[in-house]
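Asker: Just passing along the structure, written as structure tokens.
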Amino acid sequence: MSTHPAVEMRKIVKRFGSVTANDQVDFTAERGEIHALLGENGAGKSTMMCMLSGVYRATEGEIRIQGRPVRIRSPKEAAELGIGMVFQNFRLVQTLTAAENMVLGEKGGFWRGAGWMKRKTKEIAELAERFGLGFPVDRPIWQLSVGEQQRVEIVKTLYRGADIIILDEPTSVLTPGEAEQLFATLRQMRAEGKTILITTHKMKEVMSVADRISVMRKGRMIASLAREETDERQLAQLMVGKEVVLQRKEREPAGMEPLLALRGLKALGHGGRKALDGLDLEVRKGEIVGIAGVAGNGQKELAEVLNGLHPWSGGEIEFDGAVWKRASALEAIESGIAHIPENRMKSGLAGSLAIADNLLSKSYRGPERSRLGLLRGGANRRWAQSLVEQFDVRTPSLDTPVRMLSGGNQQKLLFAREISMRPKLMVAVHPTQGLDVGAADSVHRMLMELRASGSGVLLISEDLDEILQLSDRVLVVFGGRIIGEMAHDEADRQRIGLLMTGSAGAEEAAAGRAGAEEALRQPDQPDPDGKEAIV
Amino acid sequence: MDFITLLLAAAIASGTPLLIATLGGILSERAGIIQLGTEGIMLMGAVSACLVYIRSGSLWAALAAVVLVSAALGLVHAFMTVTLRANHIVSGLAMTLFGAGLSAYLGKPVAGQPLPGAFPRLELAFLDGVPFLGPIFGRLDWFTWISFALALGLHLLIHRTSWGLHLRAMGDNPATADVMGIPVQAARYAYVVGGAVLIGLAGANMLLVYSPTWNEGMTAGRGWIAVALIIFARWNPLRALLCAYFFGALDSIGFRIQLEGSLIPSYFLKMIPYVVTILVLMYLGWRGRGKPSGSPESLGLPYIREQRL
């Protein structure tokens, strides 16, 4: 046994054109440890790991694996050195089975008949079993859940004989329960002598699973610490470079004027299944309403209906005094609804278009932005520049394609566009998903500012902390209906959690609804403006 | 011979060029490269077979010329789409227009001339007198037998070999295939060129077996039907066999009706396969709403290793 560290990266520099993603970074991971690389989005963690796995090549610097200097020119060479990576976006072929995905690229033999496949499938199932990673080995990938797909990816690295296993943001797609299960697996792998590197921006995870933590910020290595000698507070400080306050803020009471009312809303989802099944909901001006719930209970359809992207089949939508007749994205925009979609690169921004173009994509019809159907070039550029500065979007230029920005900056850009429309209602779906602490904090601030300026906010999120921190009222959605409602300060994690699973049963749901109605009749917050009289 | 037997024999005869062209298209598209140059490559295959056969009198030389010419066309398409990342559709259409024009020019001196000999047949004497099988399979040419073997062979290649696994992976998710150590770009070249060779041979089959004189534009849209057949067959070689004979049967039904002395103008009868193409595509699209079509996920998309998506 050599005493060399498993991975040593020295003075690594990586440039993409004029952008420097990593600047003189040193990184060392010992054999048999779980090493977390912590940092905000865009800090350069993933870039470092991609160089280790052969996806990118370092511009400068030296890499040593088990003490041996190496050049990793392709993922294939990385695999030969015993390095395997589980990417954030899984590298799986959807139409092949889990087993076929693993034997892909395997050497030796041309014929892959039924007998051969059967032997391999058995071998893979046994390997998965050993690490407590169960999944259906002979089903095509597209039929597996995200958690199962991640297990396929991990077993794939093990199957290919990796000793150094890199996981890029492994928990971003997992439920808390699945994440716990993943950590147990990682510990099991460590016990078998594997070196595990994970990149993440979630401090809780780092503290629960990592032996050693390296913090990166803006492409540089800030510190490398053992878990025992640090705490969440210090890590947060190292990560963002300034102290972050993670507390619920004092707030003005919510407004009382009605803005949006949904009555018995029904809509069909993908494949004709009932997505919304008689949903009632109200949002008032200057109020943040949080919708909690497990994904797939109608949240997506609710947001799409409100933005005119999805037809509804029953019930009534009243917004700002008018009853809607049909779904129209243009009418939704013009009546003052803003949208932060679930997947910003899919339905929020056009990745290959420039920043300025993306900012214009909702407002270009207005007389300030265009005249006689022609865009006002100079004025629009100045306007875009001012938005970029106001919302602190970090970008090399206004002409940079949006896909080149980090996730946090993309989200800020999206907010800049939506808020510049002076919306009456903001529908924000998972607005901080995949964002680091700093960017998430500015998203939260923007939502609070919208509330202060008298806009309503419908916040749909799976992050309970976020919902509890921001919302004036919390609604729980299950099976396309609201089955529980709580005011800001009587919202209770346990009860929400129970309602979210739907296991609370009908009587619990009824109690939840009754309780919420009571809470509405007697607001706990003092109402100095005497708006009660209006209601 | 009864009507059904006749129809089947005719379906195989006119379905074989469709089958071979469809198989070529499947190879290319399974690797992720759309092939719309089919019509042009078929025409170039047919005209080069005709020229070389008439000038040299050697069938082998003719077939070798077809392979060379269509491989060259495939290479151009691969260079445009894989290396230069040009739009697959534009490159394919250019190939078709180019092939149609050049074949018309090259074929002028041999237009309407008879070929020096028929394509050799495999005489299966033991099938003589056997009803149904005898008339259909007893005196088939070698080309058709090879096309059966091709369909089966490609099916096994795609579904039962490591190469096939690589092929399916690179058409669906080239980034993953790359990470797994498969040389995506080189393999795409190979499959596009191989596919083009099959398409060229399909054109040669039309000329050497089906209608043995060169006429300008003699494929008459069969290349386009082959493009549609790839979709009907859902990128599966064995299903391509059935689909190709189905269309072959439609083709010959029009001809039969005409012989019966029908009042319908022959132009309408010749339209049958094309009308059915439109109807079947509409039906499949309607039935498959919201379902995966079986199309390779990355079909038509260029692959660049370090691009951020």
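Including glycine, each Cβ sits where the backbone N, Cα and C put it.
TrEMBL labels come from automatic prediction, so no person has curated them.
Below are the features I grabbed from TrEMBL:
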TRANSMEM  B:6-26  transmembrane segment
TRANSMEM  B:33-54  transmembrane segment
TRANSMEM  B:60-82  transmembrane segment
TRANSMEM  B:89-107  transmembrane segment
TRANSMEM  B:142-158  transmembrane segment
TRANSMEM  B:189-211  transmembrane segment
TRANSMEM  B:223-247  transmembrane segment
TRANSMEM  B:267-286  transmembrane segment
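Describe the structural surroundings of these features, if you would.
Answerer: Using a Cβ-Cβ cut-off under 8 Å and counting only residues 6 or more beyond its ends in the same chain, the transmembrane segment (B:33-54) has close neighbours at 17, 21, 24-25, 61-66, 68-70, 73-74, 77-78, 81-82, 88-89, 91-100, 102-103, 106-107, 110, 113, 115-116, 188, 191-192, 195-196, 199-204, 206-208, 213-214, 217-219, 221-224, 226-227, 299-300.
The list of residues near the transmembrane segment (B:60-82) in space but at least 6 beyond its ends in sequence, with Cβ under 8 angstroms from a Cβ of it, reads 28, 33-35, 37, 40-41, 44-45, 48-53, 88, 91-92, 95, 99, 185, 188-189, 192-197, 199-201, 203-204, 208, 302.
The list of residues near the transmembrane segment (B:142-158) in space but at least 6 beyond its ends in sequence, with Cβ under 8 angstroms from a Cβ of it, reads 12-13, 16, 19-20, 23, 26-27, 30, 119-122, 164, 167-168, 198, 205, 208-209, 236-238, 240-241.
Same-chain neighbours of the transmembrane segment (B:189-211): 13-14, 16-21, 23-28, 30-31, 33, 35, 37-38, 41-50, 53, 59, 62-63, 66-67, 69-71, 73-75, 77-78, 81-82, 115, 119, 141, 143-144, 147, 150, 167, 218-219, 222-223, 226, counting only residues six or more beyond its ends whose CB sits under 8 Å from a CB of the stretch.
Sequence-distant neighbours of the transmembrane segment (B:223-247) (same chain, 6+ residues past either end, Cβ-Cβ under 8 Å): 8, 11-12, 15-16, 18-19, 21-26, 29-30, 35-36, 38-43, 96, 148, 150-152, 154-155, 158, 199, 202, 273-274, 276-277, 280-281, 284, 293-296.
Among residues of the same chain six or more beyond the transmembrane segment (B:267-286), those with a C-beta under 8 A of the stretch's C-beta atoms are 221, 224-225, 228, 231-232, 247, 250-251, 253-255, 257-258.
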